[in-house]
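Peer 1: Shown below is the structure under consideration.
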């Protein structure tokens, strides 16, 4: 595959019981982007489901791993190696507890910050210089969230109605920012996306 082949990954846990949880923020956004951009049927292969799309003249696969979060790297690495996707053409969308609900940030590289899905991807790929789109979900004890909720229970619990409204309300702007990534540049996309607070 050439330089215009992109992979967009939405992280989450499979199964209906996890569908609307905070840890599935990446997968929820990917569902929305797939409905906007993809006319193709879902394909189940490489430990994932994915759809193909064309955005701003570029070929794009929208992937959701079928593995649990802490094994996401197996699916991502299998697809990346088979199709020879380069690091700068990979964007992984995931929840971030250190940002307020609805805050968005596009970054390249960096550590996992305690996120087991990112840890798995970094380990399986053997490199970290891909792009990550972080979706803020808030942290217990901050952002108006009760401090006594354990973090592991918090991320595996469903969004509150208010949090979900805030995050879904960002989807149009996030889609526009990602289209800027594919059409113009990552730097231009970061200007759009990182202003969403």
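Keep in mind that glycine also has a Cβ here, set from the backbone N, Cα and C atoms.
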Peer 1: Quick check: of 116, 122, 194, which does Swiss-Prot put in the same tRNA site as 18, 68, 70?
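Peer 2: Among the candidates, Swiss-Prot records only 116 at this tRNA site.
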Peer 1: I'd like the Cβ neighbour count for residue 116 (tRNA binding site), meaning other Cβ atoms within 10 Å of its Cβ, all protein chains included.
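Peer 2: So the number of other Cβ atoms within 10 Å of residue 116 (tRNA binding site) is 17.
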Peer 1: Want to know which recorded positions, from 68, 70, 95, 116, are within 10 Å of residue 13 (site 'Discriminates between blocked and unblocked aminoacyl-tRNA') at Cα; which are they?
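Peer 2: Neighbours among recorded positions, in sequence order: 68, 70.
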Peer 1: Around residue 23 (active site, proton acceptor), which of the listed recorded positions (68, 70, 95) come within 10 Å, judging by Cα atoms?
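Peer 2: Qualifying among 68, 70, 95: 95.
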Peer 1: What whole-number Å value do you get for the CA-CA distance of residue 116 (tRNA binding site) and residue 95 (site 'Stabilizes the basic form of H active site to accept a proton')?
Peer 2: 11
